[in-house]
Amino acid sequence: MLLLVLLVLGLPGPAVCPRTEPLSGTSDEPLFRGADRYDFAIVVHAGTTECFWQFAHQSGNFFFSFEVQRATGIANSRYILATARDPNGFQLGASQDVRGQINFLTKETGFYQLCLDNGQNHFGFVQVYLNFGVYYDGFNMEKEQPEERKQLNDTLDAIEDSIQKLQVHIFHMWRFYNFARMRKGADSFLLESNYHYVNWWSMAQSCVIVLSGVLQLYFLKRLFNVRALKPRC
């Protein structure tokens, strides 16, 4: 009887695919995953790197967009290096420019790392606007429809199809809105910088013109200055 129990326990069970979803440290506290989409601006100081982690499930569509809105320093270099890595640390994409996008499919569940490297600018900081997140098949406009899908004359099916299309349009309008916010912020900082530049140079040139006029008047007056000779006793 004991031998039979041991044989039963030693038999291999049905093969299952391992789950890649990370588990929390304790059973009482669930894993914090955050939201699916984020958009904000961050300041990356000279010679430093800022990283973020975004949770995503398998078979998701990950998007990462950035634009440098403001740069300081001697050269005012607006170029920044953006990289994306999977939960295992493998690099999925890189972009080194003033603005760029990194899009890829998530092949496993976990936290994906997004980094901004300001190593080229050694004397100033850059302000970068970020827009990243993940969406799934329900928000994919290129999803293949099954052949056995019901006809649109079915009321429930028509409502579901309309809601899905509305969600897709809202999502893409949200992305276009964030692109517009990126460009608006960059244009606003550029306009403000040019405004201060013109004001400071105008003040400097005005001071130079006034100073040159005063010096010309002073030297011309010196040319016509004749000393009166005092009579001798």
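Going from the start of the chain as shown, residues are counted 1 onward.
Glycine residues also receive a Cβ, built from the backbone N, Cα and C atoms like all the rest.
Heads up, TrEMBL stuff is auto-annotated, nobody curated it.
What TrEMBL says about this protein:
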- 1-17: signal peptide (SIGNAL)
- 49-134: domain 'GOLD' (DOMAIN)
- 200-220: transmembrane segment (TRANSMEM)
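For the domain 'GOLD' (49-134), DSSP puts the residue distribution at 0 helix, 58 strand, 28 coil. Summed and averaged per residue, pLDDT over the domain 'GOLD' (49-134) gives 89.
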